[in-house]
Amino acid sequence: MSQNDSELTINSTVQLADGNAMPRFGFGVCEWLSLPVCYRGRFNESQTAEGDECYQSVKWALEAGYRHIDTAEWYENEDECGRAVRDWLAESGTPRGEVFYTTKLKDNIDYDHAMRAMKKSLDICGLDYIDLYLIHGPLPTKKARLASWKACQEGVRLGWVKSIGVSNFGNHHLTEIEETGGPAPCTVNQIDLHPFMRRKALVKHQREHGVLLEAWGPLARGYRMSHPAILAIAKKHNKTAAQVFLRWGLQMGFSVIPKSVKRERIIENTGCFGWNLDAEDMAALDVLDEHLVTDWDPSDGLYP
């Protein structure tokens, strides 16, 4: 991605390794602060958008121009997401193919479990097919991961899903699934990426293998919104700190999926288009990397 790609719009797509197109800019429905997630023996807390709040936020996102909705079995809001998409499509007269829907497999147990979970996610969303189905994480074992991947391949064959990929996978995890072969390639790795978490070696390796990197936490959970370098760049361009984070992700060639349940923030985040971070800005952001883990990072070998 060129650092001066001013042609990017909210509906710009990228061609995945399987030939399908995916919008670069998406809307996520995992918020923070209540659902405990165990990582390295401690509990981080995450919150999912629930019920009417989730339904309404997805509707607002679609009305604001988002065309990529990202949820997961783990978030327990696939029903609300699917219903919001279906209702908006009906109300707006928009074809199903104009909205890209992603969901994820919660647990790697065995092939049969993954098949049941995938079919349940498809039935719950009510959207005829899932555009992108991801394995949410690499835990607990190689055997379980590969069983889930085999199921994902079958989901493509059955027409349940269009594209498949992974989330929070390290390079060694990706190599495992590549070595299994199969007709459907791994198209996406959704992982923690932002200016304070660059993952340069992982990004380089996975790009060389045709995998699109997608940032599930492009705003770094707000932890560095007041960083002087971010604020200086925001002031220079008359933008918000969040818009700087998102623009950086886009110019790095990533897909980004910001999250919010507030209508004004959902709209504000679309302001990352129509302008560029210049070379000086990108250089200033390049030195901020501190390997800031914002929630969960099983990619580093914890799950061999």
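Heads up, the Cβ atoms here are built off N, Cα and C, so glycines get one too.
Any TrEMBL annotation is an automated prediction that lacks curation.
Note that the coordinates shown come from a computational prediction; the quantities given were computed from them, not determined experimentally.
The following features are taken from TrEMBL:
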type: DOMAIN; residues: 50-289; note: domain 'NADP-dependent oxidoreductase'
type: ACT_SITE; residues: Tyr75; note: active site, proton donor
type: SITE; residues: Lys104; note: site 'Lowers pKa of active site Tyr'
type: BINDING; residues: His136; note: substrate binding site
| Inter-residue Cα distance where the pair is Lys104 (site 'Lowers pKa of active site Tyr') and Tyr75 (active site, proton donor), in Å | 9
| request: List the Cα distance (Å, whole number) between His136 (substrate binding site) and Lys104 (site 'Lowers pKa of active site Tyr'). | output: 5
| query | Including all protein chains displayed, how many Cβ atoms other than that of Lys104 (site 'Lowers pKa of active site Tyr') lie within 10 Å of its Cβ? | reply | 26
| field | His136 (substrate binding site): tally of other CB atoms within 10 A of its CB | value | 23
| request: Express the predicted model's confidence over the domain 'NADP-dependent oxidoreductase' (50-289) as a mean pLDDT, rounded to an integer. | output: 97
| query | Can you count the other CB atoms that lie within 10 A of the CB of Tyr75 (active site, proton donor)? | reply | 25
